[in-house]
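Straight from TrEMBL, the features:
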- HIS41: active site, proton donor (ACT_SITE)
- 34-41, 156-159, VAL185, 193-196: ATP binding site (BINDING)
- GLN65, GLN162: (R)-pantoate binding site (BINDING)
- 295-512: domain 'Cytidylate kinase' (DOMAIN)
- 1-286: region 'Pantoate--beta-alanine ligase' (REGION)
- 287-524: region 'Cytidylate kinase' (REGION)
Amino acid sequence: MYLCTTVAALRCYLRLWQIEQRPIEPEVGLVPTMGALHSGHLALIERARQQNDFVIVSIFVNPLQFGPTEDFQKYPRQIEQDRQLCQKAGVDLIFAPTAIELGLVTATESATTAVFPPQSMTSVLCGRSRIGHFQGVATIVTKLLNLIQPTRAYFGQKDAQQLAIIRRVVADLNIPVEIVSFPTVRESSGLAKSSRNQYLTAEEKEQASVLYRSLRQAELAFQGGERSSARLIAVTKLELATVQAIEPEYIELVDPTTLMPLQQIEEVGLLALAARLGTTRLIDNIILRNRQPIVAIDGPAGAGKSTVARQVAQALKLLYLDTGAMYRAVTWLVLESGISIEDEPAIAEIVSKCDIELGMGDEPQAPIRVWINGQEVTQAIRSLEITSHVSAIAAQTPVRQELVKQQQRWGEKGGIVIEGRDIGTHVFPDAELKIFLTASVQERARRRQQDLKNRGEADLSLEQMQQNLSERDWKDSNRNIAPLRKAPDAIEIQTDGLSIAEVTDRIITLYREKVEGQSSTLAN
Ligand code: AMP
């Protein structure tokens, strides 16, 4: 692991490393921090490691985001301990510049030190008392994104306003990066992990746990059907008031994307609060979402994912989000429009404007119905011509990015079963149930051969089939686009010797236990 403190060293290191990787274009994950790393930061780093080839952690206590009366001087700085934690966590590079190095202060003249996100986002919640804070954050994050040009940058849901503002800045300034959020990591008491918790005494830590308890009370009310903002806020306030030492600064319910206040929750709301405890200012929040569960099934080729996913969806009355059908629909549109399948920019253009609809078939076994731009293509996308072109189209980055975006839009409502290679790690890392289906190469080769025989197609020898699958596994795990990855919280099911029905039953039982909270005896 390298530790760079200058921009020159960072640039040099990145350039040399990228040259070494050619012709592969490696994916880089950036985790921006102010140091004093704790398990919240480490969780972000772990997610970044799962999704990228190279992970950079920046450590910079950003003077622009501290007000004159805030704790800039006393903010914990412990670079040696951070370095050891990063090393253990498998970070590839730490970037820890000084303010001068980052060009925030120059000897002779002032620098460009403000990116101004929309005032409607910076003047609410924490922005009311922390004047200039979010401009400071936006400026420094923009600088880091420009310097490092990562594929993805990771931010904690704990700082929900920061996350919403960064997403907005990245969209408004067309910065080519994917912003990935990560749920808040908490102590067992519920207290959100924070570098500022170091300021708290043991007693204060205990008192501070009321923040999350009060949010949980609102969540319970929400789960019981309460949707009114005023009443959810009142529930939170009531619980917060049980600890006298806590002085609430604000409790607000807003839209998590725009940060506009909500009167009531339709689909989703961000319930956020800030409070003082002695001289320490603490924040916390939860997302209240009217969402059905998501089941993500990943695994290598030939593990039976699509058949199982379809049957699980049917049994649980969820929608099988057939991503293959989406790629087929786009392929149909490309061929129909007369665009060459090599013309990536033209394909990117039509894909970014297309509208795909999926619906359940009329009969239980019928394929998913598919419409693209209002035209039904359920049958048309199963033609041989589409089959022979779909991989080439699906391998194009803009196609994949657009379709993942569409899949995630579906995910906002939930109620879906979806299968692939990186659904649990990338497309829906917050899925309620993640399954990783595997089978030995021998078993998968045997199944493939049986399938081909059933369809009356020319078959390969078992050895040849095994070799093909091993090669495919290697490629799928190492490809640039959507590589095969198992989420750490996925449940692995080894399917050797199990029938499709047995695998499906196992997943349904897990769903009943984990998602619906029923015991396995009830499920059976
Ligand atoms: P900071 O060092 O406080 O600026 O935080 C760096 C990143 O870590 C930000 O994106 C934070 O939102 C994130 N982070 C901090 N605390 C937590 C936590 N308890 N859980 C998840 N992410 C966190």
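Glycine too: its Cβ is placed from the backbone N, Cα and C atoms.
Since the structure is predicted, the reported quantities are computational estimates derived from the model, not experimental observations.
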Practice problem: Tally every other Cβ atom lying within 10 Å of the Cβ atom of MET34 (ATP binding site). | Solution: 18
Quiz item: Out of LEU37, VAL185, which has the highest number of nearby Cβ atoms, where nearby means within 10 Å of its Cβ, if these are the binding-site residues?
Solution: LEU37
Practice problem: Sorry to bug you, but what's the C-alpha spacing from GLN65 ((R)-pantoate binding site) to VAL185 (ATP binding site), rounded to the closest Å? | Solution: 23
Practice problem: Around the Cβ of GLN157 (ATP binding site), how many other Cβ atoms lie within 10 Å? Please give the count over every shown protein chain. | Solution: 20
Quiz item: Roughly how many angstrom lie between the C-alpha atoms of GLN162 ((R)-pantoate binding site) and MET34 (ATP binding site)?
Solution: 14
Practice problem: Would you mind listing, in sequence order, the residues at least six apart from HIS41 (active site, proton donor) in the same chain with a Cβ closer than 8 Å to its Cβ? | Solution: VAL31, THR33, VAL57
Quiz item: What same-chain residues, at least 6 away in sequence, bring their CB to under 8 Å of the CB of GLY40 (ATP binding site)?
Solution: GLY156, LYS158, THR184, VAL185, ALA192, LYS193, SER194
Self-check item: Candidate nearest GLN65 ((R)-pantoate binding site) in space, where candidates are the binding-site residues MET34, LEU37, GLN157, SER195 and distance is Cα-Cα
Solution: MET34
Quiz item: Taking the Cβ of GLN65 ((R)-pantoate binding site) as the centre, how many other Cβ atoms fall within a 10 Å radius?
Solution: 21
Quiz item: Going along the chain, which residues six or more apart from SER195 (ATP binding site) have their CB under 8 A from its CB?
Solution: MET34, GLY35, ALA36, LEU37, HIS38, TYR75, PRO76
Practice problem: Averaged across the region 'Pantoate--beta-alanine ligase' (1-286), what pLDDT does the model get? Just tell me the whole number, please. | Solution: 94
